[in-house]
Amino acid sequence: MVAGSSRFLPSPQVQRPNQMSWHPQYRSSKFRHVFGKPASKENCYDSVPITRSVHDNHFCAVNPHFIAVVTECAGGGAFLVIPLHQTGKLDPHYPKVCGHRGNVLDIKWNPFDDFEIASCSEDTTIKIWDIPKQLLTRNLTTYKKELVGHSRRVGLVEWHPTAANILFSSGYDYKVMVWNLDTKESVIINPVRTITCHQDVILSMSFNTNGSLLATACKDRKIRILDPRLGTILQEASYKGHRANKVLFLGNMKKLLSTGTSRWNNRQMALWDQDNLSVPLTEEDLDGSSGVLFPFYDVDTNMLYVVGKGDGNIRYYEVSAEKPHLNYLTEYRSYNPQKGIGTMPKRGLEVSSCEIFRFYKLITTKSLIEPISMIVPRRVREGYIKRIYPPTAGAQPSLTAREWLSGMNREPILVSLRPGSQPLKKPLSTPTARTSPGLLDHTAKLSAEDSQRPLSQPEGKAPRWAAEHRPEEKKSWLTNGFDIFECPPPKTENELLQMFYRQQEEIRRLRELVTQREVQAKQLELEIKNLRMSSA
């Protein structure tokens, strides 16, 4: 063989990798193209004196009627309650809800009463307020109930998700207190239960879907899952690689999500199995900013929104049971940093514009509250898309306070977001095996009062309007050619435009139909004429 002739020899076959084994980094999702749409200037709330407190809370609460925001106030704490439709510049002398002697740290609307709100303050008290349906003309200083039990300032309040008149509060005395508001007393001194298992300040509280479990994040770097009736610890995480600030139950997926910082002080998310908190399922570092991350979870769409305090970004993910559990979708970016954030309940969204979530962003530098709608790009023909709006939790409690204290659990009562729909079937109750004797004694004391108090909806009787509007006896009420039950009148400019476009399409379709019928009539006339001529 001649030297150098090896280049003429046939080279061995190179094994190429199978190209079909490559998996794309994206996954198919109907929420992949969700985008954030900020409201126009005239639809924002301007000249709002937003609080400058450094407390890491939302400072804003929203329901389909009002938006409440903590404000600056001399000589005590106060917050504003603004009707949702009253956008534009706020009057500098707009009346406040003021009655606390210290700064207000947290506010939460009652999920079953859009005109009742709870507030907690540095003055160690929690107050329950009745907001009048008409506009406030002067400062509201008369509260409905006052809860006195904490020895230090109260940082968080949280309503129970399924039981009526049950409120939870946590203070800087390291205690979580359970309050039953279903009493005639205006000042409640003794809570139903006091949970004393925490060793430091509680930073966050979250319930699972039916309210049978309570998750807390504490300043001692531990995440705990508690029995809210007994106050016992069911699970505890002491993982050193993640310092949690906020914790959140992810619906019925039996998972928890926490936001905090890593060992290297990067902002971080961690996903946990609620039955095993020894090691997180996954961790994801986001950035090196110092602001707290507020997580929000949409049970209906399995979407997770992460809002950073001090920046203008909103990241959103889709959560799945399979790995990887957190699937990044995209990010809404803005140059205006947010001081706090509020969210609208699902029953207050505009389904005609494919809105699946709505934030209310507090911009302190501009004294502005900016609504941001999360939109799924779809072509709406009937004003409602069923596949992106599954049944969601409504504004009706599934349990009374006495039933929940006795050990019963029920899933939320679901409603359809279709305009004019009725609540779905009431869920079945599941009593728990463990019930505190003290709670049963307290329940027995309340049973006499509850038996004398008329229930809002007796189980054996249906309301008069339900008997009048049964499906088999449903009447059609036409107004200007529209059935007001099947197609309610528009309430917003967007709904009015959608209805106008639908009417234009209907007019075009009818015109084409009339033209076709005219052509058919002329053809029939010609055929009749031909038959007569042939017969003659």
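Glycine residues also receive a Cβ, built from the backbone N, Cα and C atoms like all the rest.
All annotation found in TrEMBL is predicted automatically rather than curated by experts.
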Which range is region 'Disordered' per TrEMBL? Of 1-22, 89-110, 221-242, 265-286, it is 1-22
Distal contacts, the repeat 'WD' (195-236) - CB-CB under 8 A, six or more residues away: 56, 155-156, 158, 160-163, 168, 170, 172, 174-178, 243-249, 251-252, 256, 258, 260, 272, 274-277, 299, 404-405, 407, 409-412, 430, 432, 434-436, 439
Run through the domain 'DUF1899' (24-88) and tell me, per DSSP, how many residues are helix, strand and coil. 3 helix, 24 strand, 38 coil
Segment-level pLDDT (mean, integer) for the repeat 'WD' (97-131): 94
